[in-house]
Amino acid sequence: MTKTNSPAPSVITCKAAVVWKSGEPPKVEEIQVDPPKASEVRIKMLCASLCHTDFLACNGLPVPLFPRIPGHEGVGMIESVGENVTNLKEGDIVMPLYLGECGECLNCKSGRTNLCHKYPLGFSGLLLDGTSRMSIGEQKVYHHFSCSTWSEYIVIEAAYAVKVDPRVSLPHASFLCCGFTTGFGATWRDVNVVKGSTVAVLGLGAVGLGAVQGAKSQGASRIIGLDINDKKREKGEAFGMTEFINPKGSNKSISELINEATGGLGLDYVYECTGVPALLNEAIESSKVGLGTAVLIGAGLETSGEIKFIPLLCGRTVKGSIYGGVRPKSDLPTLIEKCINKEIPMDELMTHEVSLSEINKGFEYLKHPDCVKVVIKF
């Protein structure tokens, strides 16, 4: 990579994983990264990780913007800062996030959501001023959300960067940028699981394992994990799962299996972490009549599906969740502290490691039955 010598930040040429067309694999090539504008920071990435949402981005979801650089989990060191940035400096280690928290808008003041109006979850592929900081020659390259961590250098709005405690390992901090935190937060911030309650988690990837750990931390008395891969049993148990069900090969639906396991009562909370639309109905019907809550936190290639009316009419609740309701400034430090105190077995998440040039090998690893998280080392 090269950087022109100048007292002020200048354009950097570096390597990044670029997706040019929906469905095509990322290609590692040279890009140009502009200096940060007044309220932005430029980050030298140290570590990133793969999330299944990145696979969706490679396939044109949620918006088909190409060429684009995916990636929304990672950790890096601030290389330069804009003139108006006062809370961050060169050399700080930070997590680039896809949500911000101004603390002043209606949503932030409510304390009931993490979806900030001033620093929102963005789908335009551009930064807040409506432009990109990345290009290949004259070709503009789109960001993924507000970050694009599959690049050696990135530029983000400073409000989307959270400092990393040096006691947290880089891979662990990367995992907290999305998947695991999404599951954990959904049991704590978005839906506060009551102590002694019963929980099911559909899908035991990083999001599902986060939900299992969160339910355990909240004091759930029974945590049933469901996955079609028997190898996920051991992972689930490491995070606090009390029972495991593999529905593959059964002639019964997931809701039938859960209701059978609960004497027909169902469960207090059911977390749908697979992103398969048909399983939302299974999650709803697995929850208790009149009392149960189904929480939707998975995302997949299918973006719509039918929801049955009668099960909802019977007093059940459905809740959607982004990043588990976790607010970057107010809540994330609590989760980081849990990692520091070894309250969460984060080492269980990391199963594979690749370099940026091996990004497509990382996608192949995601298909392995024993894979949970793939780390990218820069």
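Keep in mind that glycine also has a Cβ here, set from the backbone N, Cα and C atoms.
According to Swiss-Prot, the protein carries these features:
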type	residues	note
BINDING	C51, H72, C178	Zn(2+) 1 binding site
BINDING	52-56, 203-208, D227, K232, 274-276, 297-299, 321-323	NAD(+) binding site
BINDING	C102, C105, C108, C116	Zn(2+) 2 binding site
Which binding-site residues sit within 10 Å of L204 (NAD(+) binding site) - Cα, from C51, C102, C105: none
Using Cα positions only, nearest of the binding-site residues to C108 (Zn(2+) 2 binding site) (C51, F55, C178, K232, V276): C178
Cβ-Cβ distance under 8 Å to C178 (Zn(2+) 1 binding site), same chain, at least six residues away: C51, T53, H72, E73, Y98, Y323
Shell of the Zn(2+) 2 site beyond C102, C105, C108, C116, same chain only (C-beta within 8 angstroms of their C-beta centre): G100, E101, G103, E104, L106, N107, K109, H117, K118, Y119
Cα distance (Å, whole number) from A299 (NAD(+) binding site) to C116 (Zn(2+) 2 binding site): 21
Spatial neighbours of F55 (NAD(+) binding site) that are distant in sequence (at least 6 apart) but have CB under 8 A: F363, L366
Cβ-based isolation winner (fewest other Cβ atoms within 10 Å) among the binding-site residues C102, C116, L204, V207, A299: C102
Other C-beta atoms that fall within 10 angstroms of the C-beta of H52 (NAD(+) binding site): 19
For the binding-site residues C108, V276, the one whose C-beta sees the most other C-beta atoms within 10 angstroms: C108
Close in space, distant in sequence - K232 (NAD(+) binding site), Cβ under 8 Å, 6 or more apart: L204, G225, F244
